[in-house]
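Okay, so here's the structure we're looking at.
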Amino acid sequence: MTDQAFVTLTTNDAYAKGALVLGSSLKQHRTSRRLAVLTTPQVSDTMRKALEIVFDEVITVDILDSGDSAHLTLMKRPELGVTLTKLHCWSLTQYSKCVFMDADTLVLANIDDLFEREELSAAPDPGWPDCFNSGVFVYQPSVETYNQLLHVASEQGSFDGGDQGLLNTFFNSWATTDIRKHLPFIYNLSSISIYSYLPAFKAFGANAKVVHFLGQTKPWNYTYDTKTKSVRSEGHDPTMTHPQFLNVWWDIFTTSVVPLLQQFGLVQDTCSYQHVEDVSGAVSHLSLGETPATTQPFVSSEERKERWEQGQADYMGADSFDNIKKKLDTYLQ
């Protein structure tokens, strides 16, 4: 269908790698819809040419920054300010209906059935389920809606300093009016939710259609071993509880995206791709040899407590589920 599209956004060359993997995963699962990507002037001309190979339409837009630095600081994610550029997706009136997907999402199955949904359809946010997560949503492009969103952005801003707060303010009836607009969680499976509700993931995770790599560390920031075809563990990263989704991301990246980047001179060759700052200062590593063992520094109980309170628990080490269970067992005996 030429009047419907999957839409994503990249504001720099680092996120463009995510967009390339997303687009490749949509094609891999044989979508019949067009693919469009919004880019900002910060995306290099060379990377834009690479995007044009995967996407049917590459559209440059001006950055609309919320400027809400206090809220962004509170969220510890100041880069989210520029994601208000997502509002431009409502101006794509050449399409009758679209599905927006963040560049840090990955498609695991055909999801063309999302176009049967109405605006605004989205999955609950794992942090506050009465709000929807704006990483995946169905919408209908409209100049009127676009202008109304700009007005809300200007007059009210965003309660979280990013696009999700603004969109939840605008579509404020999502939580209560129509359950049909609540997408199942499998259409926007948060990678950080896997650890927090492991039993549900074990029961339903096999049905996941889209995984969303929330958090500061993105798939392209990890180290990948081409021999084992697996991502190296990163200490207390909860995403590594079930790294299979990261491995799928990297498999698509190495087989479909790296050759494209090589074609445009963004990387020289696979063998020299270890520890190379290939695009816009963002490092993607391919570990071609032995992965050196790392020793974890000693952390006092007070430091551990402080890290817990800041949401930085060592999920893969001292604060793993098995270690917590052992500690609880000593008290219950």
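The backbone N, Cα and C atoms fix where each Cβ goes, glycine too.
For the Mn(2+) site, Swiss-Prot records Asp102, Asp104, and the single candidate of His212, His242 listed with them is His212. Of the residues Tyr187, Tyr195, Swiss-Prot records the annotation O-linked glycosylation site for Tyr195.
When Ser44, Ser158, Ser230 are compared with the annotations in Swiss-Prot, the one labelled phosphoserine turns out to be Ser44. Of the listed recorded positions, namely Ser44, Ser134, the sparsest CB environment within 10 A is found at Ser44. Taking the region 'Interaction with GYS1' (284-316) as a whole, pLDDT averages 48 in the prediction.
Nearest by CA distance to Ala103 (UDP binding site), out of the recorded positions Thr2, Leu9, Ser134, is Leu9. Cβ neighbour count for Thr2 (N-acetylthreonine) (all protein chains, 10 Å cutoff from its Cβ): 11. Comparing Cα positions, Leu9 (UDP-alpha-D-glucose binding site) lies closest to Lys86 out of the recorded positions Thr2, Ser44, Lys86, His212, Lys218.
The Mn(2+) site is defined by Asp102, Asp104, His212, and by the 8 Å test on Cβ atoms against their centroid, the other residues of the chain that qualify are Gly18, Met101, Ala103, Thr105, Gly135, Val136, Phe213, Leu214. Only Asp163, from the recorded positions Thr2, Asn12, Ser44, Asp163, His212, Gly215, place their Cα within 10 Å of the Cα belonging to Lys86 (site 'Important for catalytic activity').
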